[in-house]
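Participant: Feature annotation from Swiss-Prot assigns topological domain 'Cytoplasmic' to 1-55, 103-139, 185-193, 257-284, 367-397, 448-463, 514-548. Residues or ranges marked as region 'Disordered' by Swiss-Prot: 1-38. Swiss-Prot lists 1-12 with the feature compositional bias 'Polar residues'. Annotation comment: Swiss-Prot describes 56-73, 83-102, 140-160, 165-184, 194-214, 238-256, 285-304, 347-366, 398-415, 427-447, 464-485, 494-513 as transmembrane segment. Look at Swiss-Prot and you will find 74-82, 215-237, 305-346, 416-426, 486-493 (among others) tagged as topological domain 'Extracellular', backed by sequence analysis. Residues or ranges marked as N-linked glycosylation site in Swiss-Prot: N321, N335.
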Amino acid sequence: MSGDTGTPNQGGTRYGSISSPPSPGPQQAPPGGTYLSEKIPIPDTESGAFSLRKLWAFTGPGFLMSIAFLDPGNIESDLQAGAVAGFKLLWVLLWATVLGLLCQRLAARLGVVTGKDLGEVCHLYYPKVPRTLLWLTIELAIVGSDMQEVIGTAIAFSLLSAGRIPLWGGVLITIVDTFFFLFLDNYGLRKLEAFFGFLITIMALTFGYEYVVARPAQGALLQGLFLPSCPGCGQPELLQAVGIVGAIIMPHNIYLHSSLVKSREVDRSRRADIREANMYFLIEATIALSVSFFINLFVMAVFGQAFYKQTNQAAFNICANSSLHDYATIFPRDNLTVAVDIYQGGVILGCLFGPAALYIWAVGLLAAGQSSTMTGTYAGQFVMEGFLKLRWSRFARVLLTRSCAIPPTVLLAVFRDLQDLSGLNDLLNVLQSLLLPFAVLPILTFTSMPALMQEFANGLVSKIITSSIMVLVCAVNLYFVISYVPSLPHPAYFSLVALLAAAYLGLTTYLVWTCLITQGATRLAHSSHQRFLYGLPGEDQEEGRTSG
């Protein structure tokens, strides 16, 4: 490795190079192409100087990644947290976003340094059984996220049509509208990224409008944001806190971001180019997640102001005395605390601030659902290609994901009601939190490997912070499961939970084990773990691809 940061490595070796031989059989581009079929060139500027031109060239992946922080699951989590705890959990939102940024920084760094995404690196380093289980957990997270997008979009259509489109009809519409967005690929990568930026702008304007008209108490808001406490909180507030973490730090998003950064032309044989790319991607991700944080803050603050400690009777009276009096019947006439969801949330905003607030809310919700649909499709495609080396078109990938997400959502929409859809949304947020270790542990493992990342491996401070995130998430998840299990409706469910818990703990234990090896606990390693210490030698790469 050359000591001159402006020159390539000796022999032109690429940093983190783990390129493996092509898979057996004929190789061809995936049908319909992929996001990565086009590379964005980076302009040459003065070495070492910050350049807005370069920042603009690197801008795109971070904003696409940030959409997962703004999907309907996040919106549901925000308003539920506001309604249940007022402003008390704003600090959880703030720190979850900061921790999310740290995880996304590691994902981007892995993609830049190695030239491979997290799924591809998992395929190379993990044995067959753990990587197959890992792939299944991430696919489960993607399907869960897609169900939230379907629910959010269906509710948006129902609100915009004043109830003329039933929920099950809105669910079916999502089958059609998804394919419309697949055609956007034909217009080029930068135009696609600009379109996502447009959808984020719509969300910022619509939810920002709701914040302005609701006028939350700024003193209480700032106290909830910067004082990490929750006086008088119990299990409902804990569930919302877990939901916030699961909605903000989504497992599949870490895999997605590590692949999106590969769309920029970075010379990985030059140390300075890699360092520069890492810097610009971090700046872009920070800007993008700052925008997403304020959008989530707008929603949580609005409902913390409008819904906290409100009763169903109070909500009924507000709507009955407004121009949207026909909606009043969705609130029972009792003195129980109102259980708000994204449908009732739009209605009560309309009752409080006029019909415009309802329709603006629905437009923002629609933008959240549609933008998340496309990024979820990309994540699914990248994960499948990385773990299984299967190249599908996005059309086929959307069919697979929606085939899993649509049927249960339609059944709930037809035979149950909004309460059940809202409850499903809450459980899906908790599911994301439970699956989070299967993204954070691998990214922490591989970005801590000097053999893979060389000088860009995690330092001591980064290891401590990221490991603390992992311990915190696992502790909160464990507390939630222990609290939730006694409430199971039938003893037969205990056997199923025990079986799932055994598989969950087994995979988590293996991932923690390999992670500790890369953190310096070399005594835990045996012969099958040598790759985590010394990387994949060139002559063993094919073995690394095929051996179990």
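A Cβ is built for glycine as well, from the same backbone N, Cα and C atoms used for every other residue.
Predicted, not measured: the structure shown is a model, and the values here were computed from it.
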Participant: Measuring Cα to Cα, how far is N321 (N-linked glycosylation site) from N335 (N-linked glycosylation site) in Å?
Facilitator: 18
Participant: Need a quick answer: max count of Cβ pairs under 8 Å to the transmembrane segment (494-513), which of 56-73, 83-102, 398-415, 427-447, 464-485 is it?
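Facilitator: Out of the listed stretches, 427-447 contacts the transmembrane segment (494-513) most.
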Participant: So are the transmembrane segment (285-304) and the transmembrane segment (464-485) touching or not, going by 3+ C-beta pairs under 8 A with a sequence gap of 6 or more?
Facilitator: no
Participant: Of the listed stretches 56-73, 238-256, 347-366, 427-447, 464-485, which one has the most C-beta pairs under 8 A with the transmembrane segment (83-102)?
Facilitator: 238-256
Participant: Within the topological domain 'Cytoplasmic' (257-284), count helix residues (DSSP H, G, I), strand residues (E, B) and coil residues, in that order.
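Facilitator: Counts, helix then strand then coil: 21 helix, 2 strand, 5 coil.
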Participant: Under 8 Å between C-beta atoms and at least six residues away from its ends: which parts of the chain pack against the transmembrane segment (56-73)?
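Facilitator: Residues 40-43, 97, 100, 104, 108, 145, 148-149, 151-153, 155, 189-190, 193, 196-197, 199-200, 203, 247-248, 250, 252-253, 256-257, 260-261, 263-264, 277, 280-281, 283-285, 287-289, 291-293, 295-296, 342, 365, 368-369, 371-372, 375-376, 378, 425, 428-429, 432.
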Participant: Considering only Cβ pairs within less than 8 angstroms, which of the stretches 140-160, 238-256, 347-366, 427-447 has the most against the transmembrane segment (398-415)?
Facilitator: 140-160
Participant: Under an 8 Å Cβ to Cβ limit, what residues of the same chain, 6 or more beyond the ends of the topological domain 'Extracellular' (215-237), are close to it?
Facilitator: 84-91, 94-95, 297, 301-302, 304-305, 483
Participant: List, by number or range, the same-chain residues at least 6 past the topological domain 'Cytoplasmic' (103-139) whose CB is under 8 A from its CB atoms?
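Facilitator: Counting only partners 6 or more residues beyond its ends, the topological domain 'Cytoplasmic' (103-139) has Cβ contacts under 8 Å with 14-20, 61-62, 65, 249, 251-262, 266, 268, 274, 277-278, 281-282, 285, 289, 380, 382-389, 435, 438-440, 442-444, 446-447, 452-454, 456, 458, 462, 466, 469, 503, 507, 510-511, 514, 528, 531-532, 536, 541, 544-545, 547-548.
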